[in-house]
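Enquirer: These came from Swiss-Prot, pasted as-is:
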ACT_SITE  H646  active site, charge relay system
ACT_SITE  D694  active site, charge relay system
ACT_SITE  S790  active site, charge relay system
COMPBIAS  56-67  compositional bias 'Basic residues'
DOMAIN    106-234  domain 'SEA'
DOMAIN    558-595  domain 'LDL-receptor class A 3'
DOMAIN    606-840  domain 'Peptidase S1'
TOPO_DOM  1-76  topological domain 'Cytoplasmic'
TOPO_DOM  98-843  topological domain 'Extracellular'
TRANSMEM  77-97  transmembrane segment
Amino acid sequence: MDKENSDVSAAPADLKISNISVQVVSAQKKLPVRRPPLPGRRLPLPGRRPPQRPIGKAKPKKQSKKKVPFWNVQNKIILFTVFLFILAVIAWTLLWLYISKTESKDAFYFAGMFRITNIEFLPEYRQKESREFLSVSRTVQQVINLVYTTSAFSKFYEQSVVADVSSNNKGGLLVHFWIVFVMPRAKGHIFCEDCVAAILKDSIQTSIINRTSVGSLQGLAVDMDSVVLNAGLRSDYSSTIGSDKGCSQYFYAEHLSLHYPLEISAASGRLMCHFKLVAIVGYLIRLSIKSIQIEADNCVTDSLTIYDSLLPIRSSILYRICEPTRTLMSFVSTNNLMLVTFKSPHIRRLSGIRAYFEVIPEQKCENTVLVKDITGFEGKISSPYYPSYYPPKCKCTWKFQTSLSTLGIALKFYNYSITKKSMKGCEHGWWEINEHMYCGSYMDHQTIFRVPSPLVHIQLQCSSRLSDKPLLAEYGSYNISQPCPVGSFRCSSGLCVPQAQRCDGVNDCFDESDELFCVSPQPACNTSSFRQHGPLICDGFRDCENGRDEQNCTQSIPCNNRTFKCGNDICFRKQNAKCDGTVDCPDGSDEEGCTCSRSSSALHRIIGGTDTLEGGWPWQVSLHFVGSAYCGASVISREWLLSAAHCFHGNRLSDPTPWTAHLGMYVQGNAKFVSPVRRIVVHEYYNSQTFDYDIALLQLSIAWPETLKQLIQPICIPPTGQRVRSGEKCWVTGWGRRHEADNKGSLVLQQAEVELIDQTLCVSTYGIITSRMLCAGIMSGKRDACKGDSGGPLSCRRKSDGKWILTGIVSWGHGSGRPNFPGVYTRVSNFVPWIHKYVPSLL
């Protein structure tokens, strides 16, 4: 036994319990905590006591923490900061909710209509306070609500309102309604008109077995073909539904022989009028307009619009008038109802309308005619409801027959032409004549169309989206083997003119076909008969060496279509007397108002180059659409420009609001004067497929100041029927592309010298050249106008006085600068009377 054990066993035997003092302590504080051994540490063997900590010094006691009060300064600052943060979050949230509800949401209005076939019309439906009207309105509104509250636009749908319930010529009820959506402005771009209309149309369940257009819309029998839904204006919604009904009136007409007047006028304030016209079932409405007094601004503010419905639905527009007129015009509906809206929100002078409407029966446009056996015209055919504008979707059928196989049928039109139909379709009616397709187009002269057959079937299908101009033609028979009389020339227009008028320098055929493929006559300068060569006499060009062809040109002679007429009705032979710098008329009228191109000596050129110098072409204008250069134009007065009609073709481009004119500009973006465009006047006969009548006038909102006359000047308008000679040098200018393959236009104004091309060569190259066009360029293809130059000037300098003449307007061509394909320009001299109609100050 070791020493330690021996000491314990050797305890005194007299030891008593009373001698032992016991100290009780907390076991939790004093007892050692049993912890697992650390890695690598050996546990004590069983039966062996663990080593004891030496008992020498007692462990010092921990000092107890001092209790700190909760509401001290530091905690108060923290709590106050948290409170301010929470308050700021709440304020920003409320502000965001307010803005999102008030400023960031827009209302979208849609006007529509459809026909319910299983409900018969009752007279009580005309009274909007009647139980019958309220009942059917409630039913329709519930159906529309169900359609859109279960659609993808459900969270944006606001309400639907039935505006009118009317009869119609197809039976049942024709319901007109508004649908209103409200959505955040940021999402407005995804809200499409076609999407809204598709939801309504797709909700109509049609039967495949019955193959009918009538289907079920939540229990309503709706004609699918009658469904129309277009985006509308808030002002139209307010004036037809809301409290701002203005001068809205409802007319129900049931007497055929009466004229129901529509007259309203005001000298100040505003006019926002809606006239709802309804006729008895089975009849149509004809509106006749005597006069309109409005501000001419392309219907931006003032307008008169005629609808084939009782709500202002865009796709049901029959016609829109944007200019004042005193010429009688009449329009016919396709159903027994019509809406006429007159708007003049800012009346500066007297505005108003004088018109009347009447109830007329439907007409069938068909006839069978047995033509006489003698040649000549004997009767007339016309468009439906002539002389009214004929409605869209009309159809006419005529059958002509002659008893002789040697005779064919001829149609003589007064302002219309029929040509072979192309792949592009027809804008003003398509014709099927003996199973051949043709297109119709309007023009300002007569044409004759011949069918070499004794039996002719003709069908006219009205293809215009709007009501179109009245159409009148004479019919008769002709000799198939000899269409024109002996001694006559047959024009490409179908007309017959005396052979003596061929190649006489006068456009007798109206299409210049009598002046093509002519050998230029040489004047007999040394004989007394040289006066018979009219085109070469007094034309401003010296054809005789002795100048005899240009002598005695201002001697008074009887007036004809080749003479110049002074203000006092005196005529002489001089062809281009207007504004040539020489006073030829006794009253000086030939030089009145000639302020164009006054500073020609100040013009600088870089011959052979491409860039111009600043002020080089002071009549050149850059037209910007929505801020970007789009077309060119020419200054012809202080507030009028001349350009090409194709620059403004279409609904968006014809609106003057997005257009601005940049004058006195050399580098794009550095114009000396910029003005919004107030008005765009496109020629009424413009043909977007052939580019015929490709001319337009633009009126500036602000006239350019006289202080800029060194950098901005009008170019001279040519005299009516001005003759030009092939090979004459002219200049085409613009900011268009330098090459056909370029992606963008030039920043610096470009110029190119071109030659006028012989009209016969021009027609031979393109084939579809009219007398209102001319060709210019270089046949090698080195110089030409290009994309972006459209509407810009073709400027030619007159030798007699050095003034610059606006000979042409950049119109079209085959590519740009291609060999053997010169550019095609609008011949301005053919439109001088049309220009004077709108700009009389140039007279």
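Backbone N, Cα and C define each Cβ position, glycine as well.
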Enquirer: So what's the average pLDDT for the domain 'Peptidase S1' (606-840)?
Expert: 89
Enquirer: Roughly how many Å lie between the Cα atoms of S790 (active site, charge relay system) and D694 (active site, charge relay system), rounded to a whole value?
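Expert: Answer for this pair: 10 Å between alpha carbons.
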Enquirer: If one measures from the C-alpha of D694 (active site, charge relay system) to the C-alpha of H646 (active site, charge relay system), what distance in angstrom results, rounded to a whole number?
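Expert: Just about 6 Å between their Cα atoms.
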Enquirer: Considering the active-site residues H646, D694, S790, which residue's Cβ sits among the greatest number of other Cβ atoms within 10 Å?
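Expert: That would be D694, with the highest Cβ count within 10 Å.
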Enquirer: Should S790 (active site, charge relay system) be counted as helix, strand, or coil on the basis of DSSP?
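Expert: Assignment for S790 (active site, charge relay system) reads coil.
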Enquirer: So, in DSSP terms, is H646 (active site, charge relay system) helix, strand, or coil?
Expert: helix
Enquirer: Where DSSP helix means H, G or I and strand means E or B, what are the helix, strand and coil counts for the domain 'LDL-receptor class A 3' (558-595)?
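Expert: DSSP classes over the domain 'LDL-receptor class A 3' (558-595) add up to 3 helix, 4 strand, 31 coil.
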